[in-house]
Amino acid sequence: MPIPDTGRPPGGDEALAPTTGAASLAAEAWSWTPAGRAAPVLAGLDLAIEPGERVLLLGASGSGKSTLLQAFAGVLGGDDEGERAGVLTVDGRDPAHARGRIGLLLQDPDAQLVLARAGDDIAFGPENLGVPADEIRRRVPLALAAVGLDLPLDADTTRLSGGQKQRLALAGVLALRPGAVLLDEPTAQLDPAGVREVAAAVAALIADRSMTLLVVEHRVDVWAPLVDRVIVLEQGRVAADGPVADVMRAQGEELAARGVWVPGRAPEHPAPASRAPGETLLRARGLAVRPRGGAVVQVGIDLDVRAGEVIALTGVNGAGKTTLALTLAGLLDPASGDVVAGDALRAVDPPVEEPSPSRWSSRALVARLGVVFQNPEHQFVAPTVREELAVGPRALGRTEEEAAAIVEPLLDRLRLRALAGSSPFTLSGGEQRRLSVATALATAPPVLVLDEPSFGQDSRTWAELAALLAAHRDAGGAIVMATHDRELVAALGAREVVLPAAGVASPLTATRGVYRSVVADDLSDARSERPINGGEASRAPRPRRTALVERLNPVAAIAASLIPALILIVTLDIVSAGVALALQLALLPLLGAPPRLLLLRLSPVLIAAPLTAFTLLLYGEEGGRVYAEFLLVRISDNSIELAGATFLRVLAIGIPAIALFARPDATRLGDALGQNLRLPARFVLGAVAALRLVSLMRDDARMLERARRARGVGDRGAARRVAGLVLSLLVLAVRRGSSLAIAMEARGFGAPLPRTWLRPSPWRGIDSAAVLIGILISAAALAAALLTGEFNAILD
């Protein structure tokens, strides 16, 4: 049953205010040393934040800001995750006992979305805290509107852009109505309009001081008007604390030198390009792009990437910037049109004749194109930071001495020297981003393709990163970067390609040295443009009729498929299996499952049934007349009957089980198991989250394969390639699982409270009928076998 999408409910933003008042936060001589790190991230920290205060937490990348937020949210981990000392409290209590008082927004948007639908994910926290369903139903669309996210409540969370996911996660935090909101770089992946909307939403929520705010952000200018106080961390301790204006006036210069983004003190920009762009290295003509398995997001792209030039791909979240970047990098095939390498790029050692980057070998790709992915963890393939930087040079045949000569300067330039022996997965978000950029630079490719390269950087590391990219440009290299960072676009003198919203057909054109897409000036104009699929923008899609199989309660579907299976498991004969299968096939059209989808889902069973039968035909129990015999193979009356019975039984067990779950819905299944069977919510929701994690891991596997190809390790033998991919996937799965557990716990999962369920899981007459049909099929199959004397009990 879908959540009613009633639009923004009455009540205004005050409906999201906490019911128990603002929370206080305090630390006394508190320290935290993560497992595997010799030095503490936070050491002897002392601070107190009063209820209703609005605090901006600043500090250089890796100074412990995110760690502190997780500690206050009570999700930092146990003793096996690290060593702590001192006292940390929320409202005078241990954060672990203040469940629901803290709303935490994490850095990584993928790590904090639990359920598959947008509305369900927002409701997840309030459900865990036992908020009545009617109140949750009121809060969900309100929270969605508060962050300016125009999505249907049943939107697939896996198909959202990074910025959309971040706003959705913030909506989930707001729906909790916490006493304190902790935001970890909430606008880092948003377009400028999204930044304004999120800041405005937070401002409205904290206006009456009924909610404490602690926000981590490198950019001060966005949040300075909203906060009373700024705290600066340095080397795990408080380096400055006071009103924003006072701290910035007294210590602005010193803070800027430490990497804080101080308003009015822009970081040093590199010098402008010293020469005009040169020859074309990459050329796109008539290009249309789409993510693998997704819809086309941009069409009609004509673009030249020239030596000594920086191109910035900008536009709203979800416009397809990442998809276009990956297509230009040869990691996605064009939906139509071409991406062709110029002569100079093809001539790079090792030279290639093939003009299309998507068909190059991994070694040829890493020599020509350096790629930085949106999620840095996708591209890590080595156990330490130093080894990670050496992967590319080694793939190009560099000696250890040559690789070291490349790696060591990069460690210093990007301030990674102290982390050289650490695992890339233990770095902060900003540190991981610098490492990913360094891996792209390590092979000195003519073209860099970067996805949000400045994400999570303080002003000092930002300036160093900008200088490195400018040096690459001035050396004749080309850069294509998907970014929301206007400062970086200006600093590098980038030509800008503004992508229109996905679904609006708008070919890209070049004007006055700056690539600009033909974009509607406002939303109403954009809606009047012709959609990519050629349909009429004003014509609403015809709603899909809900099939019978989708209306069944999942518990009823399980019972209807399981009951006949139990009968078929205890007997092995042609009659019972044949009768059951015939009745099932007769009823199959009534389920309304799409034939093509059903055939696809049934393909494993349709393959397994004849293979199993053929095996038993050749090697089954001998009996009766023998028709053929060769070594261990004996085809006899018994083996033929056994093969036939097994063939029919596999189909009779597999077809209903798959047909009844042709469109699997983990959330509905979890609701049914929790409400109808009264299974523990912790177990049920953990399983539902794990199922979502499995779907994410499928996408991760594809991205890891692309990343390994981009890093130069995709040409290894099949066994090594698969082993490396599996190992990387396992590491990422553990990381995702850990992050997901943190996100779930931060939103009240496991709270010692009676859980509510927003989606009712009713048991209707149709569900009882389905179970009855399962019983009747079982009875008919069993009766037919007994009456014909063919019943063959397996246990006899």
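Each Cβ is built from the backbone N, Cα and C atoms, and glycine gets one as well.
TrEMBL annotations:
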- 25-260: domain 'ABC transporter' (DOMAIN)
- 282-526: domain 'ABC transporter' (DOMAIN)
- 555-586: transmembrane segment (TRANSMEM)
- 598-619: transmembrane segment (TRANSMEM)
- 640-659: transmembrane segment (TRANSMEM)
- 679-697: transmembrane segment (TRANSMEM)
- 718-734: transmembrane segment (TRANSMEM)
- 768-787: transmembrane segment (TRANSMEM)
For the transmembrane segment (768-787), distant same-chain residues with Cβ under 8 A (at least six beyond the ends): 552, 556-557, 559-564, 566-568, 571, 573, 575-577, 579-580, 583-584, 587, 652
Contact between the transmembrane segment (555-586) and the transmembrane segment (718-734) (3 or more Cβ pairs under 8 Å, separation 6+): no
Chain residues outside the transmembrane segment (718-734) and at least six past its termini with a C-beta under 8 angstroms from it: 377-378, 380-381, 425, 693, 697, 700-701, 704-705, 708
Sequence-remote partners of the transmembrane segment (679-697) [C-beta within less than 8 Å, at least six residues beyond its ends]: 110, 114-116, 158, 666-667, 669-670, 673, 729, 732-733, 736-737, 740, 744, 749-750, 755
